[in-house]
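Take a look at the structure set out below.
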């Protein structure tokens with residue numbers, strides 16, 4: 001019996017099954033991430049959308065308005081209108097004109113129902 005290792009002893013390094021798994025992961029296309037489409041657009045990132053705010057926009061330039069409440073992704077209310085030229089901007093939710101516009105929008109929505 002010899003104390004020297006035999007030639008068939010394992011050489012330290014990644015195992016063949018680990019290499020096969022890594023190769024499989026690298027060759028697998030990220031299907032759900034690519035094919036998510038509109039669903040992925042609806043999911044917000046885990047950060048505030050509005051890093052800077054625009055002080056005000058004339059209400060006639062706004063085609064739609066989204067108001068995002070405080071949540072785990074952001075500690076402040078975010079007001080994001082889509083303008084008629086399809087651009088999205090962030091408005092200051094504390095501005096008096098914006099508060100008035102949001103209230104008017106909510107009131108007109110209640111009258112329609």
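Any Cβ shown, glycine's included, is placed from N, Cα and C.
According to Swiss-Prot, the protein carries these features:
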- 1-36: signal peptide (SIGNAL)
- 48-74: disulfide bond (DISULFID)
- 50-90: disulfide bond (DISULFID)
(request) Within 10 Å of the Cβ of residue 90 (disulfide bond), how many other Cβ atoms can you find? Include all protein chains, please. (result) 17
(message) Give me the count of other Cβ atoms within 10 A of the Cβ belonging to residue 74 (disulfide bond).
(response) 17
